[in-house]
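J.: Residues annotated as active site, proton acceptor in TrEMBL: Tyr24. Among the features that TrEMBL reports, active site, proton donor is placed at His101. Annotated substrate binding site per TrEMBL: Asn75, His81, Asp88, Ile102, Ser103, Arg112, in sequence order. Residues or ranges marked as site 'Transition state stabilizer' in TrEMBL: Arg19. The transmembrane segment annotation in TrEMBL covers 121-140.
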Amino acid sequence: MDRTVLLINGPNLNLLGTREPHIYGSTTLSDVEANTKTQGETLGITLQSFQSNHEGAMIDRIHEARGNVEYIIINPGGLTHTSVALRDALAGVAIPFIEVHISNVHAREEFRHKSFLSDKAVAVICGLGVFGYSAALQFVDERLRASKT
Ligand SMILES: O=C(O)[C@]1(O)C[C@H](CCCOc2ccccc2)[C@@H](O)[C@H](O)C1
């Protein structure tokens with residue numbers, strides 16, 4: 001478990017870099033995962049990545065993280081705005097998490113302004129593009145180091 005972080009990306013984020021680049025940029029999900037893994041290695045953090053288009057699979061992966069992951073960085077995709085079950089899974093395993101959105105959801109359609117997760121998150125990052133993932137990992141590193149002093 002020591003310094004292990006789980007990166008979760010939700011539905012449709014497998015399309016990252018191939019569709020709607022004007023909203024989500026041109027970096028692919030596999031590049032995001034590779035770049036974040038490399039950043040983790042420089043920080044002494046083991047990064048596990050998971051992407052699913054299925055709410056239940058995301059919930060199962062969150063359950064599996066219990067006892068072997070210290071932090072979760074999650075972009076829930078559209079489930080952000082709909083999923084009580086995802087909220088309950090994150091709260092249930094009691095692993096601190098950061099919610100990341102590539103776009104500035106608050107500058108988009110009204111229905112994207114509501115998150116079922118944000119009030120349970122340690123932090124929410126949105127609008128930084130895929131840099132949000134890097135910023136989240138940097139933050140997690142500092143939190144993990146602080147918790148060990
Ligand atoms: O801005 C974000 O990261 C979102 O979580 C992305 C979700 C959409 C995930 C789909 O991502 C795509 C990426 C490229 C092409 C098509 C979809 C959207 O439903 C949220 O409101 C905000």
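Here, residue 1 is simply the first one shown, and the rest follow in order.
Just so you know, glycine gets a Cβ as well, placed from its N, Cα and C.
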J.: Run through the Cβ atoms and count how many others sit within 10 Å of the one on Tyr24 (active site, proton acceptor).
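T.: Total other Cβ atoms inside 10 Å, all chains included: 20.
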J.: Using all protein chains in view, find how many other C-beta atoms are within 10 Å of the C-beta of Arg112 (substrate binding site).
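T.: Result for Arg112 (substrate binding site): 17 other Cβ atoms within 10 Å.
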J.: By CA distance, which of the recorded positions (Arg19, Tyr24, His101) lies nearest to His81 (substrate binding site)?
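T.: That would be His101, nearest by Cα distance.
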J.: Cβ atoms within 10 Å, counted per site: which of Arg19, His101 has the most, among these recorded positions?
T.: His101
J.: Among all chains shown, work out which of the binding-site residues Asn75, Ser103 has the most CB atoms within 10 A of its CB.
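T.: Checking each of Asn75, Ser103, the winner is Asn75.
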J.: Find the one among the recorded positions Arg19, Tyr24, His101 whose C-alpha lies closest to that of Arg112 (substrate binding site).
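T.: Of the recorded positions Arg19, Tyr24, His101, His101 has its Cα closest to that of Arg112 (substrate binding site).
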J.: Which of the three DSSP-derived classes (helix, strand, coil) applies to His81 (substrate binding site)?
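T.: Its secondary structure by DSSP: helix.
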J.: Please give the greatest C-alpha separation between any two of the substrate-binding residues Asn75, His81, Asp88, Ile102, Ser103, Arg112, in angstrom, as a whole number.
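T.: For the residues that bind substrate, the greatest Cα distance is 24 Å.
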J.: Looking only at DSSP and grouping its letters into three states, which state does Arg112 (substrate binding site) belong to?
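T.: In the DSSP reduction, Arg112 (substrate binding site) maps to helix.
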J.: Please report the three-state DSSP label of Asn75 (substrate binding site).
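T.: Reduced to three states, the DSSP call for Asn75 (substrate binding site) is strand.
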J.: Whole-number Å only: compute the distance from the Cα of Ile102 (substrate binding site) to the Cα of Arg19 (site 'Transition state stabilizer').
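T.: Per the Cα atoms, Ile102 (substrate binding site) and Arg19 (site 'Transition state stabilizer') stand 14 Å apart.
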J.: Which of these recorded positions is closest to Asn75 (substrate binding site) if you go by CA atoms: Arg19, Tyr24, His101?
T.: His101
